[in-house]
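Reading through the structure tokens given below for one structure.
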Amino acid sequence: MAASKPVEAAVVAAAVPSSGSGVGGGGTAGPGTGGLPRWQLALAVGAPLLLGAGAIYLWSRQQRRREARGRGDASGLKRNSPGAHLDMNSLDRAQAAKNKGNKYFKAGKYEQAIQCYTEAISLCPTEKNVDLSTFYQNRAAAFEQLQKWKEVAQDCTKAVELNPKYVKALFRRAKAHEKLDNKKECLEDVTAVCILEGFQNQQSMLLADKVLKLLGKEKAKEKYKNREPLMPSPQFIKSYFSSFTDDIISQPMLKGEKSDEDKDKEGEALEVKENSGYLKAKQYMEEENYDKIISECSKEIDAEGKYMAEALLLRATFYLLIGNANAAKPDLDKVISLKEANVKLRANALIKRGSMFMQQQQPLLSTQDFNMAADIDPQNADVYHHRGQLKILLDQVEEAVADFDECIRLRPESALAQAQKCFALYRQAYTGNNSSQIQAAMKGFEEVIKKFPRCAEGYALYAQALTDQQQFGKADEMYDKCIDLEPDNATTYVHKGLLQLQWKQDLDRGLELISKAIEIDNKCDFAYETMGTIEVQRGNMEKAIDMFNKAINLAKSEMEMAHLYSLCDAAHAQTEVAKKYGLKPPTL
């Protein structure tokens, strides 16, 4: 897949220190992680010490008794006064009603249980907050069995008002809000539960993950549909095209396509010989004037010109780059169906459509397109290179290695394929905890960077493997090599910044490097996302939300946007929980 950012999620997870459990990337465990969903990064892992509700009640009751003995008659009511006797009897009778309700509940007689809990609520003295909250929570549990979700939410609200850190009531209300499709309220409640439980309860974790994904998908679907197309940075576009070697549309213009005079004067652009929208678009590509390419390709297509197939593919490619897959697909479909078109055009269209399907989480369709590309153009190294990346994403490492080997056989000078093959072998060895294979893979990286000292991605992938192995100093050196080769690659600065956090806990240096990435490429969504994640853990929620929103506006796919909305919503939820319940998890 073109212009991939290898295991960025895992690096974010591994590099950002956490006060509690480990964190993973994208819902799966990354290197050195505890396998928790990635959204947990935006919930600032950790929970304050909480006395159980029963302990609070016992302590406060004992305290009041000691105070009453010290005050004597001045305390208001003596222990043996009629009023005090009545108060104790009221509570005892309320407890008896509750106990009776519990028996009905266990017997599955929920209506009778509700009546008993209602009686307990009416009998309980109003100052007995803990007891009263328990009665409301018990009645909510009975309503839950009858699937009366509105009543569940109402009773849990009463319980939480009386006892704001009542985990059982908060979680039950979260489940009721889920059933009532109140996702925002559900998220706030389950966020509070996760923090109070220190992220140790699998049920609350799963509910939080579920509701965040649902919210993210809903918001992304609406936002993506109405988003303004945004051209990526020139660096990203050049990186994308550099991942293809058999791509006709990205090759420099041929001599016959240019005018006899290369330039009229210094600094003046080349003029194309033919009046062709496609050739004009190619000229704009060489000038890095990318915003004009789609319109020029459209002129060629509308005129059904000589380069119609090329124009369709180039236009589709730029539709993909600006994140408009719906517009790209018809153009790709047309190129693929043109039997008379150059086979390399059709194979390239299949690779790009296959990559698009994978981005849309349709691996079966993606695999079909890559296999078709291999069938029609078996000597095309790009097919195997990009299919190898697909296989890594599908966790089919042996098949990925076979594809990279075929790519290398066809193009022995393909440094990128050799580096990615090493990384695939490393991931397989690391996941299998095979130390000898890990060492072999690390040796393979050394051979690749020695053979291809100008391949920046070789150093970058090696640096990620070194970071996994906690060889931080050497990883830092590898990132420096990347920066020397590609000083305008913002992603490398982000990785190096994260390394400083994991290696030296140097927050200032880490943020400085990530800020540098944004300075180099203000369209680097990965930099904004990472900055937002760090700001969450620093407790700077407003800045974190601002960073996530910037990343959302730059997202290149609906799926990526949904993930970013999940992070943003998690930060919003924590802000609300802090306001309501005063929960302040540890920060960096």
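Glycine is no exception: its Cβ is also placed from the backbone N, Cα and C atoms.
Per TrEMBL, the features are as follows:
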- 68-89: region 'Disordered' (REGION)
- 94-127: repeat 'TPR' (REPEAT)
- 381-414: repeat 'TPR' (REPEAT)
- 456-489: repeat 'TPR' (REPEAT)
- 525-558: repeat 'TPR' (REPEAT)
- 39-59: transmembrane segment (TRANSMEM)
Per-region confidence, the repeat 'TPR' (94-127) (mean pLDDT, whole number): 97
Residues of the repeat 'TPR' (94-127) by DSSP state, where helix covers H, G and I: 27 helix, 0 strand, 7 coil
Helix, strand and coil counts within the repeat 'TPR' (525-558) (DSSP): 29 helix, 0 strand, 5 coil
